[in-house]
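So the structure is just underneath, and the comments pick up after that.
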Amino acid sequence: MAGKKDYVNSVVSGNREQIEYHIKQILGLLGEDVEREGLLETPARVTRMYEEVFSGYEVDPREVLGVTFDEQHEELVIVKDIVYYSHCEHHMAPFFGKAHIGYIPSGKIAGLSKLARLVDAITQRLQVQERVTSQIADIMEEVLQPHGVMVVVEGEHMCMCARGIKKTGSTTVTSAVRGEFRTSAALRSEFLSLLKQ
Ligand SMILES: [Zn+2]
């Protein structure tokens, strides 16, 4: 299993001055006049934005789930339409959309808002959508040890839109299944039909 260092590996705020410096360098290398009024505050603004959109680096996603115990409930739990905002690691361009999580508890459940925090901790860093999807499933499995987990993530990728590879508005859908969801087609289709409601 991944160690803590695999998830918590950088602190943007600790490198603020250096990031500002390098953003300014890039603006200059793009041929911009870095002293013109519109750009004066840009390095600082970009750095503040990075602190926010890459704040996941400061969080171990396994610690945000806030497990509670409930021996009774062993039926499918679904939290859908969790909005996320991430950045692709290939272009540092935004991708965003919704994550849907379904799981069957076996004694441990997580507060519904905690699932949203889990998604934030995983998406607020440089990512690819496939890994977002599998990490959510893996961490759910590791922390809650449920009978099964299924995760579906929908994403719109700005690097595709901006570079004309795909039309604007096209959505990429990824899924990950663990445990009973892997073996039961009925369970997968129950989850998917509940997502449509
Ligand atoms: Zn990309």
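Heads up, the Cβ atoms here are built off N, Cα and C, so glycines get one too.
Since the structure is predicted, the reported quantities are computational estimates derived from the model, not experimental observations.
Annotated features in TrEMBL:
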DOMAIN    19-195  domain 'GTP cyclohydrolase I'
BINDING   Cys88, His91, Cys159  Zn(2+) binding site
Model confidence over the domain 'GTP cyclohydrolase I' (19-195), averaged pLDDT:
92
Which three-state DSSP class does His91 (Zn(2+) binding site) fall into?
coil
Neighbouring C-beta atoms (10 Å sphere around the C-beta of Cys159 (Zn(2+) binding site)):
16
Of these binding-site residues, Cys88, His91, which scores lowest on Cβ atoms within 10 Å?
His91
From the centroid of the CB atoms of Cys88, His91, Cys159, the recorded Zn(2+) site, which same-chain residues not already listed sit within 8 A by their CB, in sequence order?
His87, Glu89, His90, Met92, Ala93, Phe95, His157, Met158, Met160
